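Written out below as structure tokens is the structure these notes cover.
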Amino acid sequence: MTTLPRPSRPSIAPPTGPLPALPVAKSRSNASPASRTSPSTLLPSPATASRAVSSSALPQRPSPKSHSSSTSNVPTLAAADTPAGPLPPGKSLRKTVSIGAFPQPPKHAGRTASHPPSPLSASSTPNNDSMDQRLSAGGSKSVTPSREGSIRKPAPRASLGGRSLLKSPLTPPSLLNGSGESVSVVNTGHLSLPSPPQSRNSSAQGSYATSATTFEDVTEEDSRGRSDSKTAADRNSLLKDGKGNVIVSVRVRPDVGVKDSKQELEWDVNAKRALVSYQGKEGGEYYYDNVFDTQDNNRRVYDAAAKRLVRRVMEGYHGTVFAYGMTGTGKTFSMQGTATNPGVIPLAITDIFSYIRETPQREFLLRVSYLEIYNERINDLLAGPIQSGLNGQVGGQEEIKLREDSKRGVYATPLKEEIVQSPTQLLRVIARGDNARRVAGTQFNARSSRSHAVVQIVVESRERAGGPVGSLKENKRSAIAPGGVRVSTLSLIDLAGSEKAADSKERRTEGSHINKSLLTLGTVIANLSGEKDKAGSEKDKASKGKHLPYRDSKLTRLLQPALSGNSLVSILCTIQIGSSGSAATANSHTGETLNTLKFASRAKNNIVSHAKKADESLGNGVDAGSRALLDRYRVEIQELRRQLEEQNKAKETTTEVKEKDEEEEKARELEDKHRHEEQMLEMQLARTALKERIEHLNRLILSSKSLGVNANRSFSSMSLQNRGSLLSNAGDTRPISARSSASHATLEVPGHGMSHASFPTLPLEGSEEDDSLGENGDGIASQTAQIHALQSDLADKNRYIGTLEKRLLQARRSSHSRVSMSLSQKLAASDDGGVNAAIAERDAEISSLRAQLEDKERMIAALTSAGRKRDNANDIGSDGSPASRRTSHQRSEGSNGSVNVKVKGSPISPVGLLSSPKAEREQQLADVTRMLDEMLSQRVDNATGARRSSLRPVSEDR
Ligand SMILES: Nc1ncnc2c1ncn2[C@@H]1O[C@H](COP(=O)(O)OP(=O)(O)OP(=O)(O)O)[C@@H](O)[C@H]1O
């Protein structure tokens with residue numbers, strides 16, 4: 001349902017309902033059938049020109065306080081507040097009231113000051129002049145090339161080119177401004193008005209004399225206002241006729257070079273009256289919504305012809321602006337402009353972003369595409385370079401096709417769309433497309449566009465989640481259901497120019513494609529009148545049901561949605577009056593110009609737009625065909641948020657699991673530690689057991705040694721036994737027997753458990769030893785042998801201890817578990833006290849062994865020293881004695897010891913021992929033997945202690 005805005009509402013408020021046409025006089029219904037412009041006739045016929053605004057189309061001046069005024073309330077010109085003065089006698093009210101009947105808008109100094117005079121904008125046009133000129137619009141053929149038009153009779157219907165753009169009295173004042181800059185000015189003006197009706201009327205600038213091009217919604221209030229002067233049928237027919245949504249403008253390019261005075265005389269361009277008239281052959285007057293003369297810049301063109309359309313697009317309507325005209329007449333100049341004089345496209349971009357800034361309650365998403373139709377092929381200008389192939393064919397891009405569906409209408413696919421977030425970004429994208437567009441020099445234009453270029457800006461918008469609801473309530477026109485996404489499209493099209501045959505083949509090929517597509521466009525537009533009448537009146541039987549060849553060219557196919565009424569349309573036709581500077585002859589140039597003007601007239605008369613604001617889709621965004629990126633993004637954002645939450649939860653869970661794992665790990669480590677300690681204990685026990693075994697074995701060994709030394713006063717060892725055998729064989733039996741018995745005694749020790757072979761024999765010293773023994777014959781030789789035997793014995797024991805230690809280590813490494821088992825059993829079997837006692841006992845044994853070892857070492861040292869002294873004595877006592885024949889080996893061995901041995905409190909001198917009488921010597925020998933025994937005992941003890949200390953680190957582990 002259409003919501004009617006209050007007239008004094010700010011212009012930026014979007015309408016809420018479909019956009020109907022401005023209620024204008026439906027000229028066709030009032031004109032005779034003969035007055036229709038035939039598609040085949042290029043020039044407007046007099047009949048067409050004679051189309052007049054019917055009285056029914058003219059709104060009556062409403063009462064400021066009441067909408068129920070009757071025709072009697074229609075003011076005369078005299079009643080109207082216009083400097084045009086009273087209506088001349090004889091003029092019918094119908095013809096003269098159209099403009100002057102309405103009160104003038106309040107004059108604000110700011111309006112004229114801030115805006116250049118415009119025939120299109122109430123806020124910017126000096127009203128008096130404007131009104132004067134409009135009152136004069138009509139039959140006069142006299143053309144004044146100046147902007148200051150003279151009063152003329154009303155223009156024929158054909159010239160009713162929608163001159164009243166933005167000035168309809170039926171439109172809310174806030175929507176009547178044509179430029180962004182004027183918004184605030186106009187608003188201010190309207191807000192100062194005492195009442196809505198007044199404000200509505202005050203903005204009227206006599207627009208009912210024309211086909212009223214305005215992009216306004218028909219509001220309730222508008223309808224009420226019109227009810228004063230219109231029947232319901234008239235109103236309905238006006239609503240059906242969507243002319244208000246189509247603007248046709250003509251722009252005249254300045255001549256280049258010398259002006260042709262003849263042509264100057266023939267042509268009249270009256271910007272204020274929006275009139276172009278030609279007095280030459282096939283001439284006529286052509287009225288449009290806007291006529292821009294050579295003085296007008298691009299800003300003015302944009303403000304009047306495109307600005308409001310652009311804002312409507314931002315509100316949800318589809319909009320199409322295209323430039324049409326002969327080559328070189330300024331289409332590209334108008335659409336793109338220059339750095340100092342920006343054209344429609346850059347100005348529209350600026351406005352789009354201004355609108356976004358002004359509309360904080362909504363959020364927008366913009367995407368842009370840019371294509372060209374070159375030689376009936378569509379190229380994507382944003383998809384990288386387009387390569388030229390053979391015969392002018394293009395390559396390097398996937399072929400782009402036109403498709404159609406009920407939602408999107410006709411669209412090109414696949415086409416690159418870029419999402420843009422700033423004016424600069426959007427301009428840059430378009431500049432990139434411009435660079436890729438086909439341009440070539442022709443004899444008509446040094447930089448002629450060889451293709452139709454289409455910029456499409458898709459605008460998606462949605463109410464902001466936490467938007468200012470209050471402000472929306474205040475403004476019904478912008479009130480929308482929250483959540484829905486509105487998608488609208490602004491198409492900005494720079495057509496290639498129609499042209500005569502060109503020089504080169506390539507240009508001719510291009511030209512033929514361009515001309516063909518433009519011809520198709522003309523045909524479609526011409527035939528639209530039949531379509532319109534089919535929907536509206538039954539009068540035009542001739543044109544009824546005419547074929548609309550949209551599919552005959554890609555251009556018309558692409559423009560189909562706009563031409564068939566789904567879009568607001570603004571057509572800018574460019575012409576050049578003089579042919580100077582053009583390669584075309586004056587005649588053909590004029591013909592082309594007239595063709596352009598006729599095209600514009602047909603477009604104005606035939607294109608009917610019933611553009612409606614795009615629905616707000618509440619799509620879930622999952623649908624792949626959904627066009628609304630905002631929807632898709634919203635769904636994607638929701639999905640990502642959900643994933644984020646899941647990840648957070650998962651993270652929490654992971655942390656919990658991790659903590660749990662850490663606890664378990666700690667428990668495991670603790671358990672391992674306990675187990676390790678147990679194992680260490682087991683190992684310690686195993687070591688203790690092995691030590692016991694070693695010590696036991698040592699004890700056994702030392703016991704046998706002790707037995708040999710202490711009990712029999714003899715050096716008992718296997719080596720000595722062997723030695724004794726040797727000596728026995730040599731014939732000296734006395735000491736041998738004693739030793740022999742000792743040896744036997746040793747062998748007879750029960751439970752020794754050690755084989756005889758495990759003790760290495762003492763190395764023999766050969767014949768020299770025998771000689772020495774034989775020479776002295778007093779046991780000195782046997783002492784030497786004893787020393788050797790003791791040394792050997794000591795070495796044996798050390799080796800044995802080493803072996804046992806090795807075994808202990810091996811046992812610890814390789815079979816600790818087995819040992820642990822057995823030990824644990826053993827441990828279980830014994831109590832702690834028993835183990836400690838055993839350890840203490842073993843320690844005591846080790847101490848005694850150590851002491852024995854030390855004794856042995858001392859004894860060895862003493863014997864060695866004694867032997868050396870004896871040698872010295874022999875050397876001194878008798879020259880040439882056997883001592884002089886001692887080997888160097890013996891000498892060096894004797895030199896090792898320097899031990900003073902004390903026996904019974906007095907030092908025993910080995911020299912004395914060797915030189916004393918025999919009895920003494922025996923006594924001394926016994927003492928020495930005893931002493932050696934003690935020393936041996938100490939020596940063994942020391943050695944064992946050393947071994948034990950080597951094991952200490954292990955035992956410390958316990
Ligand atoms: N209103 C104008 N004021 C000044 N110069 C203009 C105007 N219109 C066009 N021109 C100049 O005329 C030349 C041709 O203009 P433009 O290229 O825009 O023509 P066109 O209609 O796009 O031609 P084509 O169809 O061959 O591409 C350019 O040099 C341009 O600067």
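Every residue, even glycine, has its Cβ placed from backbone N, Cα and C.
Listed in TrEMBL for this protein:
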- GLY325, MET326, THR327, GLY328, THR329, GLY330, LYS331, THR332: ATP binding site (BINDING)
- 12-21: compositional bias 'Pro residues' (COMPBIAS)
- 177-190: compositional bias 'Polar residues' (COMPBIAS)
- 198-216: compositional bias 'Polar residues' (COMPBIAS)
- 221-237: compositional bias 'Basic and acidic residues' (COMPBIAS)
- 245-606: domain 'Kinesin motor' (DOMAIN)
- 1-237: region 'Disordered' (REGION)
- 646-678: region 'Disordered' (REGION)
- 726-779: region 'Disordered' (REGION)
- 863-925: region 'Disordered' (REGION)
- 937-958: region 'Disordered' (REGION)
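Proximity to ligand 1 (Cβ under 6 Å from any of its atoms) holds for these binding-site residues out of MET326, THR327, GLY328: THR327, GLY328. Each of the binding-site residues GLY325, GLY330 was scored by the number of other CB atoms within 10 A of its CB, and the lowest score belongs to GLY330. Within 10 Å of the C-beta of LYS331 (ATP binding site) there are 28 other C-beta atoms, taking all protein chains into account.
Within 10 Å of the C-beta of THR327 (ATP binding site) there are 26 other C-beta atoms, taking all protein chains into account.
The local packing around MET326 (ATP binding site), expressed as other Cβ atoms within 10 Å of its Cβ over all shown chains, amounts to 28. Mean predicted confidence for the domain 'Kinesin motor' (245-606): the pLDDT average there is 82. Scoring each of the binding-site residues (THR329, THR332) by how many neighbouring Cβ atoms lie within 10 Å, the top position goes to THR329.
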